[in-house]
(Lines of atoms letter the chains of each structure in order from A and count residues from 1; the text may use other names and numbers.)
(Lines give C-alpha, C1' and ligand atoms only; values in the text may rest on other atoms or scores of the structure.)
Protein backbone atom coordinates (compact mmCIF):
# COMPACT_ATOMS: atom_id res chain seq x y z
CA UNK A 1 0.00 0.00 0.00
CA UNK A 2 2.85 2.37 0.86
CA UNK A 3 4.46 1.79 -2.56
CA UNK A 4 1.30 2.81 -4.39
CA UNK A 5 0.99 5.90 -2.17
CA UNK A 6 4.49 6.84 -3.31
CA UNK A 7 3.45 6.29 -6.89
CA UNK A 8 0.43 8.53 -6.36
CA UNK A 9 2.80 11.14 -4.94
CA UNK A 10 4.77 10.92 -8.16
CA UNK A 11 1.73 12.06 -10.08
CA UNK A 12 2.20 15.43 -8.39
CA UNK A 13 5.83 15.59 -9.36
CA UNK A 14 5.81 16.82 -12.86
CA UNK A 15 8.00 19.67 -11.73
CA UNK A 16 10.94 17.27 -11.98
CA UNK A 17 10.65 17.15 -15.74
CA UNK A 18 9.71 19.46 -18.58
CA UNK A 19 6.93 18.93 -21.03
CA UNK A 20 8.43 17.85 -24.36
CA UNK A 21 7.09 19.08 -27.65
CA UNK A 22 4.36 16.89 -29.05
CA UNK A 23 4.85 15.02 -32.29
CA UNK A 24 1.29 15.99 -33.09
CA UNK A 25 1.04 19.77 -32.89
CA UNK A 26 -2.72 19.90 -32.30
CA UNK A 27 -2.95 16.73 -30.15
CA UNK A 28 -5.89 15.50 -32.24
CA UNK A 29 -6.06 11.88 -33.37
CA UNK A 30 -8.25 9.51 -35.29
CA UNK A 31 -8.89 5.88 -34.28
CA UNK A 32 -5.81 3.69 -34.90
CA UNK A 33 -3.52 6.74 -35.17
CA UNK A 34 -0.12 6.35 -33.55
CA UNK A 35 0.15 8.55 -30.45
CA UNK A 36 3.74 9.52 -29.54
CA UNK A 37 5.05 7.71 -26.47
CA UNK A 38 8.58 8.23 -25.15
CA UNK A 39 10.56 6.58 -22.37
CA UNK A 40 12.51 9.14 -20.39
CA UNK A 41 14.56 7.82 -17.49
CA UNK A 42 14.82 5.50 -14.51
CA UNK A 43 16.30 6.06 -11.07
CA UNK A 44 16.00 5.58 -7.29
CA UNK A 45 12.87 7.20 -5.92
CA UNK A 46 14.70 8.93 -3.06
CA UNK A 47 17.61 10.27 -5.17
CA UNK A 48 16.16 12.78 -7.65
CA UNK A 49 19.53 13.65 -9.22
CA UNK A 50 20.55 10.06 -9.79
CA UNK A 51 18.66 9.16 -12.95
CA UNK A 52 19.75 6.98 -15.84
CA UNK A 53 18.72 6.37 -19.40
CA UNK A 54 15.73 4.07 -19.71
CA UNK A 55 17.59 1.46 -21.74
CA UNK A 56 20.54 1.33 -19.35
CA UNK A 57 18.42 -1.45 -17.89
CA UNK A 58 17.80 -4.44 -20.18
CA UNK A 59 14.23 -3.60 -21.20
CA UNK A 60 12.73 -4.67 -24.50
CA UNK A 61 14.00 -2.51 -27.36
CA UNK A 62 11.55 -1.12 -29.95
CA UNK A 63 11.96 -1.95 -33.64
CA UNK A 64 13.17 1.55 -34.48
CA UNK A 65 14.97 3.19 -31.58
CA UNK A 66 15.34 6.93 -31.96
CA UNK A 67 16.16 9.76 -29.60
CA UNK A 68 14.03 12.85 -29.36
CA UNK A 69 15.60 16.29 -29.75
CA UNK A 70 15.24 18.36 -26.63
CA UNK A 71 15.59 21.99 -25.62
CA UNK A 72 18.44 23.32 -23.49
CA UNK A 73 16.40 23.38 -20.29
CA UNK A 74 15.24 19.79 -20.80
CA UNK A 75 18.82 18.56 -21.22
CA UNK A 76 19.93 20.49 -18.12
CA UNK A 77 17.08 18.82 -16.27
CA UNK A 78 18.50 15.40 -17.15
CA UNK A 79 15.80 14.33 -19.63
CA UNK A 80 16.77 11.87 -22.39
CA UNK A 81 13.64 10.90 -24.32
CA UNK A 82 13.76 7.83 -26.57
CA UNK A 83 11.19 5.64 -28.30
CA UNK A 84 9.25 3.46 -25.86
CA UNK A 85 8.74 -0.27 -26.56
CA UNK A 86 4.94 0.06 -26.33
CA UNK A 87 2.48 0.88 -29.12
CA UNK A 88 -0.58 2.68 -27.80
CA UNK A 89 -2.66 3.63 -30.82
CA UNK A 90 -5.60 5.95 -30.29
CA UNK A 91 -8.76 4.10 -29.19
CA UNK A 92 -7.16 0.66 -29.67
CA UNK A 93 -7.56 -1.69 -26.70
CA UNK A 94 -5.18 -4.57 -26.13
CA UNK A 95 -5.21 -7.63 -23.88
CA UNK A 96 -1.91 -9.02 -22.66
CA UNK A 97 -0.02 -7.87 -25.73
CA UNK A 98 3.50 -9.29 -25.79
CA UNK A 99 6.27 -6.71 -25.99
CA UNK A 100 9.06 -9.25 -26.25
CA UNK A 101 10.40 -12.47 -24.81
CA UNK A 102 13.84 -12.24 -23.24
CA UNK A 103 16.24 -14.56 -21.56
CA UNK A 104 17.89 -12.45 -18.91
CA UNK A 105 21.52 -13.30 -18.27
CA UNK A 106 22.99 -13.38 -14.76
CA UNK A 107 24.39 -9.87 -15.26
CA UNK A 108 21.00 -8.56 -16.43
CA UNK A 109 19.29 -10.21 -13.47
CA UNK A 110 21.76 -8.45 -11.16
CA UNK A 111 20.99 -5.11 -12.83
CA UNK A 112 17.25 -5.50 -12.40
CA UNK A 113 17.60 -6.80 -8.82
CA UNK A 114 19.79 -3.84 -7.87
CA UNK A 115 17.21 -1.47 -9.40
CA UNK A 116 14.33 -3.12 -7.54
CA UNK A 117 16.29 -3.06 -4.27
CA UNK A 118 16.88 0.70 -4.68
CA UNK A 119 13.18 1.29 -5.39
CA UNK A 120 13.66 2.40 -9.00
CA UNK A 121 10.84 4.08 -10.87
CA UNK A 122 10.49 4.84 -14.57
CA UNK A 123 9.12 7.94 -16.27
CA UNK A 124 7.51 8.13 -19.69
CA UNK A 125 5.51 10.60 -21.78
CA UNK A 126 2.38 9.81 -23.75
CA UNK A 127 1.10 12.66 -25.89
CA UNK A 128 3.11 15.01 -23.64
CA UNK A 129 1.44 13.58 -20.51
CA UNK A 130 3.96 12.29 -17.97
CA UNK A 131 3.36 9.07 -16.10
CA UNK A 132 5.38 6.89 -13.74
CA UNK A 133 5.60 3.38 -12.39
CA UNK A 134 7.81 1.21 -10.23
CA UNK A 135 9.97 -1.55 -11.71
CA UNK A 136 9.35 -4.18 -9.07
CA UNK A 137 8.84 -4.94 -5.41
CA UNK A 138 10.71 -6.38 -2.42
CA UNK A 139 9.02 -8.82 -0.05
CA UNK A 140 10.03 -10.75 3.03
CA UNK A 141 10.70 -14.42 2.49
CA UNK A 142 7.82 -16.40 4.00
CA UNK A 143 10.09 -19.21 5.18
CA UNK A 144 12.86 -16.91 6.49
CA UNK A 145 11.67 -13.38 7.44
CA UNK A 146 15.27 -12.17 7.65
CA UNK A 147 15.70 -12.79 3.92
CA UNK A 148 14.15 -10.70 1.14
CA UNK A 149 12.77 -11.69 -2.25
CA UNK A 150 13.09 -9.43 -5.28
CA UNK A 151 10.42 -9.40 -7.96
CA UNK A 152 10.31 -7.63 -11.35
CA UNK A 153 6.96 -6.54 -12.75
CA UNK A 154 6.46 -7.94 -16.25
CA UNK A 155 2.87 -6.89 -17.05
CA UNK A 156 1.92 -3.21 -17.30
CA UNK A 157 -1.70 -2.01 -17.43
CA UNK A 158 -2.37 1.28 -19.22
CA UNK A 159 -5.61 3.12 -18.53
CA UNK A 160 -6.10 6.01 -20.94
CA UNK A 161 -8.89 8.59 -20.74
CA UNK A 162 -10.02 10.47 -23.80
CA UNK A 163 -12.55 13.05 -24.87
CA UNK A 164 -13.59 13.00 -28.51
CA UNK A 165 -10.33 13.02 -30.50
CA UNK A 166 -7.93 13.97 -27.72
CA UNK A 167 -6.03 12.18 -24.98
CA UNK A 168 -6.83 13.58 -21.52
CA UNK A 169 -5.16 11.33 -18.98
CA UNK A 170 -2.99 8.22 -18.71
CA UNK A 171 -2.21 5.95 -15.77
CA UNK A 172 0.14 2.98 -15.71
CA UNK A 173 -0.07 0.26 -13.08
CA UNK A 174 1.86 -2.95 -12.82
CA UNK A 175 0.11 -6.24 -12.21
CA UNK A 176 1.38 -7.26 -8.73
CA UNK A 177 0.70 -10.93 -9.49
CA UNK A 178 2.65 -10.99 -12.78
CA UNK A 179 6.22 -10.96 -11.50
CA UNK A 180 9.59 -12.57 -12.12
CA UNK A 181 11.72 -13.76 -9.21
CA UNK A 182 15.17 -12.12 -9.37
CA UNK A 183 16.45 -13.25 -5.96
CA UNK A 184 19.01 -15.72 -7.30
CA UNK A 185 21.82 -15.15 -9.79
CA UNK A 186 20.60 -17.34 -12.57
CA UNK A 187 19.25 -16.94 -16.08
CA UNK A 188 15.53 -16.17 -16.23
CA UNK A 189 13.00 -16.34 -19.05
CA UNK A 190 10.76 -13.26 -19.10
CA UNK A 191 7.74 -12.42 -21.24
CA UNK A 192 7.04 -8.68 -21.01
CA UNK A 193 3.40 -7.77 -21.70
CA UNK A 194 1.03 -4.83 -21.53
CA UNK A 195 -2.71 -4.23 -21.53
CA UNK A 196 -4.49 -1.09 -22.79
CA UNK A 197 -7.93 0.16 -21.77
CA UNK A 198 -9.62 3.33 -23.04
CA UNK A 199 -12.26 5.27 -21.10
CA UNK A 200 -14.20 8.35 -22.01
CA UNK A 201 -14.07 11.37 -19.69
CA UNK A 202 -15.73 14.76 -19.42
CA UNK A 203 -12.54 16.65 -18.54
CA UNK A 204 -11.78 19.23 -21.25
CA UNK A 205 -8.44 19.13 -23.04
CA UNK A 206 -7.48 22.56 -21.68
CA UNK A 207 -7.70 21.25 -18.09
CA UNK A 208 -5.85 17.96 -18.53
CA UNK A 209 -2.69 19.27 -16.80
CA UNK A 210 -4.49 20.60 -13.72
CA UNK A 211 -4.31 17.30 -11.83
CA UNK A 212 -0.54 17.57 -11.67
CA UNK A 213 -0.77 20.80 -9.64
CA UNK A 214 -3.69 19.79 -7.43
CA UNK A 215 -1.50 18.64 -4.54
CA UNK A 216 0.03 22.09 -4.08
CA UNK A 217 -3.34 23.86 -4.15
CA UNK A 218 -5.11 21.66 -1.64
CA UNK A 219 -6.58 23.65 1.28
CA UNK A 220 -4.35 22.16 3.99
CA UNK A 221 -1.20 22.95 1.95
CA UNK A 222 -2.34 26.53 1.41
CA UNK A 223 -3.11 26.87 5.11
CA UNK A 224 0.43 25.79 6.01
CA UNK A 225 1.94 28.26 3.53
CA UNK A 226 -0.17 31.15 4.76
CA UNK A 227 0.50 30.19 8.36
CA UNK A 228 4.24 30.37 7.64
CA UNK A 229 3.78 33.78 5.99
CA UNK A 230 1.75 35.15 8.92
CA UNK A 231 4.17 33.64 11.41
CA UNK A 232 7.13 35.22 9.61
CA UNK A 233 5.40 38.60 9.33
CA UNK A 234 4.41 38.70 13.00
CA UNK A 235 7.87 37.61 14.17
CA UNK A 236 9.62 40.05 11.87
CA UNK A 237 7.31 42.96 12.72
CA UNK A 238 7.77 42.43 16.45
CA UNK A 239 11.54 42.10 16.30
CA UNK A 240 12.16 44.82 13.73
CA UNK A 241 9.66 47.12 15.45
CA UNK A 242 11.46 46.61 18.73
CA UNK A 243 14.85 47.32 17.14
CA UNK A 244 13.49 50.28 15.18
CA UNK A 245 12.06 51.87 18.33
CA UNK A 246 15.35 51.50 20.16
CA UNK A 247 17.42 52.66 17.20
CA UNK A 248 15.27 55.72 16.49
CA UNK A 249 15.25 56.71 20.17
CA UNK A 250 19.03 56.31 20.45
CA UNK A 251 19.60 58.23 17.22
CA UNK A 252 17.32 61.02 18.40
CA UNK A 253 19.24 61.28 21.65
CA UNK A 254 22.52 61.30 19.71
CA UNK A 255 21.37 64.16 17.49
CA UNK A 256 20.21 66.20 20.51
CA UNK A 257 23.45 65.47 22.37
CA UNK A 258 25.70 66.42 19.46
CA UNK A 259 23.71 69.59 18.79
CA UNK A 260 23.98 70.50 22.48
CA UNK A 261 27.72 69.82 22.51
CA UNK A 262 28.24 72.10 19.51
CA UNK A 263 26.48 74.96 21.27
CA UNK A 264 28.37 74.56 24.55
CA UNK A 265 32.03 74.22 23.65
CA UNK A 266 34.04 73.86 20.52
CA UNK A 267 36.91 72.04 22.26
CA UNK A 268 34.75 69.43 23.98
CA UNK A 269 35.89 65.90 23.19
CA UNK A 270 33.66 64.01 20.79
CA UNK A 271 32.44 60.48 21.55
CA UNK A 272 30.42 57.79 19.79
CA UNK A 273 29.86 57.61 16.07
CA UNK A 274 30.46 61.35 15.55
CA UNK A 275 34.00 60.88 16.86
CA UNK A 276 34.95 58.78 13.79
CA UNK A 277 33.37 61.06 11.17
CA UNK A 278 36.77 61.53 9.55
CA UNK A 279 37.22 57.77 9.01
CA UNK A 280 33.75 56.41 8.34
CA UNK A 281 33.94 57.08 4.61
CA UNK A 282 37.51 55.85 4.23
CA UNK A 283 37.56 53.39 1.34
CA UNK A 284 37.65 49.70 2.34
CA UNK A 285 40.54 47.33 1.94
CA UNK A 286 40.54 45.16 -1.20
CA UNK A 287 38.27 47.63 -2.94
CA UNK A 288 38.51 45.80 -6.27
CA UNK A 289 37.14 42.62 -4.67
CA UNK A 290 34.52 44.66 -2.82
CA UNK A 291 33.30 46.31 -6.05
CA UNK A 292 33.27 42.93 -7.83
CA UNK A 293 31.17 41.43 -5.01
CA UNK A 294 28.69 44.31 -5.31
CA UNK A 295 28.52 43.84 -9.07
CA UNK A 296 27.88 40.09 -8.82
CA UNK A 297 25.36 40.57 -6.01
CA UNK A 298 23.48 43.20 -8.01
CA UNK A 299 23.35 40.87 -11.02
CA UNK A 300 21.98 38.00 -8.94
CA UNK A 301 19.41 40.34 -7.38
CA UNK A 302 18.30 41.43 -10.87
CA UNK A 303 18.17 37.78 -11.96
CA UNK A 304 15.91 36.95 -9.00
CA UNK A 305 13.53 39.79 -9.84
CA UNK A 306 13.28 38.72 -13.49
CA UNK A 307 12.64 35.08 -12.52
CA UNK A 308 9.94 36.11 -10.06
CA UNK A 309 8.38 38.32 -12.73
CA UNK A 310 8.19 35.43 -15.19
CA UNK A 311 6.87 33.09 -12.49
CA UNK A 312 4.11 35.48 -11.41
CA UNK A 313 2.84 35.88 -14.98
CA UNK A 314 2.63 32.10 -15.35
CA UNK A 315 5.60 31.26 -17.57
CA UNK A 316 6.81 28.39 -15.39
CA UNK A 317 4.16 25.71 -15.58
CA UNK A 318 4.26 23.02 -12.90
CA UNK A 319 5.06 20.33 -15.50
CA UNK A 320 7.63 22.40 -17.40
CA UNK A 321 10.57 22.99 -15.16
CA UNK A 322 12.91 22.90 -18.12
CA UNK A 323 11.75 26.45 -18.84
CA UNK A 324 13.21 27.52 -15.48
CA UNK A 325 16.66 26.22 -16.37
CA UNK A 326 16.53 27.90 -19.76
CA UNK A 327 15.43 31.18 -18.18
CA UNK A 328 18.23 31.03 -15.60
CA UNK A 329 20.90 30.54 -18.25
CA UNK A 330 19.56 33.17 -20.65
CA UNK A 331 18.69 35.84 -18.07
CA UNK A 332 22.00 35.40 -16.25
CA UNK A 333 23.81 35.95 -19.55
CA UNK A 334 21.73 39.04 -20.38
CA UNK A 335 22.15 40.60 -16.92
CA UNK A 336 25.96 40.33 -16.98
CA UNK A 337 26.04 43.92 -18.23
CA UNK A 338 24.48 44.99 -14.91
CA UNK A 339 27.33 43.30 -13.03
CA UNK A 340 29.95 44.96 -15.21
CA UNK A 341 28.42 48.42 -14.92
CA UNK A 342 27.82 48.25 -11.15
CA UNK A 343 31.29 46.90 -10.34
CA UNK A 344 33.20 49.30 -12.61
CA UNK A 345 31.14 52.31 -11.59
CA UNK A 346 31.62 51.67 -7.88
CA UNK A 347 35.31 50.82 -8.38
CA UNK A 348 35.69 54.13 -10.23
CA UNK A 349 33.99 55.93 -7.32
CA UNK A 350 36.49 54.31 -4.95
CA UNK A 351 39.27 55.78 -7.13
CA UNK A 352 40.42 52.40 -8.40
CA UNK A 353 42.69 52.33 -11.43
CA UNK A 354 43.08 48.71 -12.55
CA UNK A 355 39.59 48.36 -13.97
CA UNK A 356 40.49 45.43 -16.27
CA UNK A 357 41.45 43.28 -13.29
CA UNK A 358 38.27 44.42 -11.53
CA UNK A 359 36.19 43.36 -14.53
CA UNK A 360 37.84 39.92 -14.69
CA UNK A 361 37.27 39.50 -10.97
CA UNK A 362 33.60 40.44 -11.40
CA UNK A 363 33.13 37.90 -14.18
CA UNK A 364 34.79 35.09 -12.21
CA UNK A 365 33.55 35.79 -8.69
CA UNK A 366 30.37 33.75 -9.04
CA UNK A 367 30.92 31.94 -12.34
CA UNK A 368 34.33 30.62 -11.23
CA UNK A 369 33.15 28.53 -8.24
CA UNK A 370 30.04 27.50 -10.21
CA UNK A 371 32.18 26.33 -13.15
CA UNK A 372 34.55 24.35 -10.92
CA UNK A 373 31.61 22.75 -9.11
CA UNK A 374 29.96 21.87 -12.42
CA UNK A 375 33.17 20.29 -13.76
CA UNK A 376 33.48 18.09 -10.68
CA UNK A 377 29.82 17.08 -10.58
CA UNK A 378 29.65 16.48 -14.32
CA UNK A 379 32.67 14.18 -13.98
CA UNK A 380 30.86 12.31 -11.19
CA UNK A 381 27.74 12.01 -13.38
CA UNK A 382 29.86 10.70 -16.28
CA UNK A 383 31.46 8.14 -13.98
CA UNK A 384 27.97 7.00 -12.91
CA UNK A 385 26.73 7.15 -16.53
CA UNK A 386 23.80 9.22 -15.27
CA UNK A 387 21.58 11.51 -17.33
CA UNK A 388 22.79 14.45 -15.22
CA UNK A 389 26.00 14.34 -17.28
CA UNK A 390 25.61 17.02 -19.95
CA UNK A 391 26.30 16.01 -23.56
CA UNK A 392 29.26 17.63 -25.28
CA UNK A 393 26.94 19.61 -27.57
CA UNK A 394 25.10 21.17 -24.64
CA UNK A 395 28.39 22.16 -22.99
CA UNK A 396 29.45 23.80 -26.27
CA UNK A 397 26.15 25.76 -26.37
CA UNK A 398 26.67 27.02 -22.80
CA UNK A 399 30.29 27.99 -23.56
CA UNK A 400 29.14 29.86 -26.67
CA UNK A 401 26.50 31.71 -24.64
CA UNK A 402 29.16 32.69 -22.12
CA UNK A 403 31.62 33.69 -24.86
CA UNK A 404 29.28 35.51 -27.22
CA UNK A 405 26.74 37.01 -24.80
CA UNK A 406 27.91 37.05 -21.19
CA UNK A 407 31.48 38.26 -21.71
CA UNK A 408 30.72 41.02 -24.29
CA UNK A 409 27.88 42.40 -22.15
CA UNK A 410 30.11 42.30 -19.07
CA UNK A 411 32.80 44.28 -20.91
CA UNK A 412 30.30 46.79 -22.35
CA UNK A 413 28.79 47.31 -18.90
CA UNK A 414 32.27 47.73 -17.46
CA UNK A 415 33.21 50.34 -20.05
CA UNK A 416 29.99 52.24 -19.39
CA UNK A 417 30.63 52.11 -15.63
CA UNK A 418 34.25 53.22 -16.01
CA UNK A 419 33.22 56.20 -18.13
CA UNK A 420 30.38 57.21 -15.82
CA UNK A 421 30.79 60.60 -14.17
CA UNK A 422 29.45 59.42 -10.83
CA UNK A 423 31.50 60.31 -7.77
CA UNK A 424 31.29 58.86 -4.31
CA UNK A 425 28.92 60.97 -2.22
CA UNK A 426 30.48 61.47 1.22
CA UNK A 427 28.80 64.13 3.40
CA UNK A 428 31.95 64.59 5.53
CA UNK A 429 35.63 64.84 4.71
CA UNK A 430 37.97 61.93 5.33
CA UNK A 431 41.10 62.58 7.38
CA UNK A 432 44.54 61.72 6.08
CA UNK A 433 45.39 59.15 8.75
CA UNK A 434 42.94 56.61 10.19
CA UNK A 435 42.09 56.59 13.88
CA UNK A 436 42.94 53.55 15.94
CA UNK A 437 39.97 51.31 16.66
CA UNK A 438 39.51 50.79 20.43
CA UNK A 439 39.55 47.23 21.83
CA UNK A 440 36.15 45.61 21.32
CA UNK A 441 34.47 42.80 23.31
CA UNK A 442 34.18 39.39 21.62
CA UNK A 443 30.50 39.82 20.77
CA UNK A 444 31.32 42.87 18.63
CA UNK A 445 33.70 40.89 16.41
CA UNK A 446 32.83 39.95 12.84
CA UNK A 447 31.76 36.30 13.32
CA UNK A 448 29.36 36.89 16.28
CA UNK A 449 27.88 39.85 14.44
CA UNK A 450 27.35 37.68 11.34
CA UNK A 451 25.62 35.06 13.47
CA UNK A 452 23.28 37.70 14.89
CA UNK A 453 22.64 39.22 11.47
CA UNK A 454 21.84 35.94 9.73
CA UNK A 455 19.57 34.46 12.37
CA UNK A 456 16.71 36.96 12.04
CA UNK A 457 16.27 36.78 8.24
CA UNK A 458 16.64 32.99 8.35
CA UNK A 459 13.95 32.71 11.03
CA UNK A 460 11.57 34.49 8.67
CA UNK A 461 12.05 32.03 5.79
CA UNK A 462 12.96 28.66 7.30
CA UNK A 463 9.40 27.26 7.19
CA UNK A 464 9.07 27.99 3.49
CA UNK A 465 12.55 26.56 2.86
CA UNK A 466 11.25 23.05 3.53
CA UNK A 467 8.73 23.26 0.67
CA UNK A 468 11.34 24.67 -1.69
CA UNK A 469 13.80 21.90 -0.82
CA UNK A 470 11.08 19.26 -1.11
CA UNK A 471 10.33 20.55 -4.62
CA UNK A 472 13.91 20.92 -5.84
CA UNK A 473 15.30 17.79 -4.16
CA UNK A 474 12.17 15.72 -3.79
CA UNK A 475 8.89 14.88 -5.41
CA UNK A 476 6.68 17.72 -4.26
CA UNK A 477 5.56 20.48 -6.56
CA UNK A 478 5.82 24.20 -5.84
CA UNK A 479 3.48 26.47 -7.77
CA UNK A 480 2.52 29.18 -5.27
CA UNK A 481 5.02 31.75 -6.50
CA UNK A 482 3.07 34.65 -5.02
CA UNK A 483 3.72 33.35 -1.51
CA UNK A 484 7.37 32.75 -2.37
CA UNK A 485 7.66 36.33 -3.61
CA UNK A 486 6.21 37.66 -0.33
CA UNK A 487 8.78 35.60 1.58
CA UNK A 488 11.52 37.03 -0.67
CA UNK A 489 10.40 40.60 0.06
CA UNK A 490 10.35 39.87 3.81
CA UNK A 491 13.87 38.46 3.51
CA UNK A 492 15.13 41.62 1.81
CA UNK A 493 13.49 43.96 4.33
CA UNK A 494 14.78 42.09 7.36
CA UNK A 495 18.27 41.76 5.91
CA UNK A 496 18.44 45.50 5.22
CA UNK A 497 17.11 46.43 8.65
CA UNK A 498 19.29 44.13 10.75
CA UNK A 499 22.39 45.23 8.81
CA UNK A 500 21.56 48.89 9.46
CA UNK A 501 21.07 48.22 13.19
CA UNK A 502 24.35 46.34 13.53
CA UNK A 503 26.18 49.01 11.51
CA UNK A 504 24.96 51.69 13.94
CA UNK A 505 26.12 49.70 16.96
CA UNK A 506 29.48 49.19 15.28
CA UNK A 507 29.90 52.91 14.60
CA UNK A 508 28.74 53.78 18.13
CA UNK A 509 31.60 51.58 19.40
CA UNK A 510 33.94 53.81 17.32
CA UNK A 511 34.76 51.02 14.85
CA UNK A 512 34.86 52.71 11.44
CA UNK A 513 35.60 49.60 9.34
CA UNK A 514 31.95 48.97 8.52
CA UNK A 515 32.13 48.42 4.77
CA UNK A 516 33.07 44.75 4.68
CA UNK A 517 31.27 44.10 7.96
CA UNK A 518 27.93 45.27 6.56
CA UNK A 519 28.39 43.09 3.45
CA UNK A 520 29.31 40.02 5.49
CA UNK A 521 26.45 40.55 7.95
CA UNK A 522 23.95 41.01 5.14
CA UNK A 523 25.11 37.86 3.36
CA UNK A 524 25.38 35.69 6.47
CA UNK A 525 21.86 34.34 5.85
CA UNK A 526 23.42 32.26 3.07
CA UNK A 527 25.54 30.49 5.71
CA UNK A 528 22.40 29.70 7.73
CA UNK A 529 20.70 28.32 4.61
CA UNK A 530 23.66 26.00 4.02
CA UNK A 531 23.37 24.91 7.64
CA UNK A 532 19.73 24.07 6.93
CA UNK A 533 20.95 21.98 3.97
CA UNK A 534 22.80 19.73 6.41
CA UNK A 535 19.69 19.38 8.57
CA UNK A 536 17.43 18.67 5.58
CA UNK A 537 19.73 16.06 4.07
CA UNK A 538 20.23 14.04 7.23
CA UNK A 539 16.88 14.52 8.99
CA UNK A 540 14.17 15.31 6.42
CA UNK A 541 15.21 13.35 3.31
CA UNK A 542 16.10 9.77 2.37
CA UNK A 543 18.83 10.72 -0.09
CA UNK A 544 21.96 8.59 -0.09
CA UNK A 545 24.97 7.65 -2.19
CA UNK A 546 28.03 9.59 -3.29
CA UNK A 547 26.48 11.01 -6.45
CA UNK A 548 23.31 12.34 -4.82
CA UNK A 549 25.29 13.68 -1.84
CA UNK A 550 27.82 15.47 -4.04
CA UNK A 551 25.11 16.94 -6.25
CA UNK A 552 23.05 18.12 -3.29
CA UNK A 553 25.85 19.78 -1.35
CA UNK A 554 27.74 20.95 -4.44
CA UNK A 555 24.90 22.82 -6.07
CA UNK A 556 23.41 23.99 -2.77
CA UNK A 557 26.80 25.46 -1.84
CA UNK A 558 26.70 27.46 -5.10
CA UNK A 559 23.13 28.59 -4.44
CA UNK A 560 23.96 29.62 -0.86
CA UNK A 561 27.03 31.47 -2.13
CA UNK A 562 24.77 33.30 -4.59
CA UNK A 563 22.47 34.24 -1.70
CA UNK A 564 25.50 35.46 0.24
CA UNK A 565 26.52 37.81 -2.59
CA UNK A 566 22.96 39.03 -3.26
CA UNK A 567 21.96 39.64 0.37
CA UNK A 568 25.39 41.06 1.15
CA UNK A 569 24.81 43.65 -1.56
CA UNK A 570 21.38 44.46 -0.12
CA UNK A 571 22.83 44.81 3.38
CA UNK A 572 25.67 47.07 2.27
CA UNK A 573 23.42 49.33 0.19
CA UNK A 574 21.04 49.75 3.13
CA UNK A 575 23.95 50.46 5.50
CA UNK A 576 25.48 52.98 3.07
CA UNK A 577 22.18 54.83 2.79
CA UNK A 578 21.86 54.90 6.59
CA UNK A 579 25.44 56.07 7.23
CA UNK A 580 25.15 58.87 4.68
CA UNK A 581 21.88 59.96 6.26
CA UNK A 582 23.13 60.20 9.85
CA UNK A 583 26.37 62.00 8.98
CA UNK A 584 24.50 64.41 6.75
CA UNK A 585 22.29 65.30 9.73
CA UNK A 586 25.11 66.61 11.97
CA UNK A 587 27.78 69.25 11.66
CA UNK A 588 31.31 67.87 11.47
CA UNK A 589 34.46 69.92 11.24
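Every residue number used here counts from 1 along the chain in the order it is shown.
Each residue, glycine too, has its Cβ placed from N, Cα and C.
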Looking at 255-280, 359-384, which one does TrEMBL call transmembrane segment?
359-384
Quick check on the annotations: TrEMBL lists transmembrane segment for one of 323-347, 423-447. Which range is it?
323-347
Do the transmembrane segment (359-384) and the transmembrane segment (519-538) come close, with at least three CB pairs under 8 A (pairs 6 or more apart in sequence)?
no
With the transmembrane segment (550-579) as the reference, find which of 390-412, 481-507, 519-538 contributes the most Cβ pairs under 8 Å.
519-538
Which listed stretch (289-317, 390-412, 450-469, 481-507) has the most C-beta pairs under 8 A with the transmembrane segment (519-538)?
450-469
Which residues of the chain, 6 or more past the ends of the transmembrane segment (289-317), have a CB below 8 A from one of its CBs?
19, 209, 323-324, 327-328, 331-332, 335-336, 338-344, 346-347, 350, 352, 358, 361-362, 365-366, 481-482, 484-485, 488, 515-516, 519, 523, 562, 565-570, 572
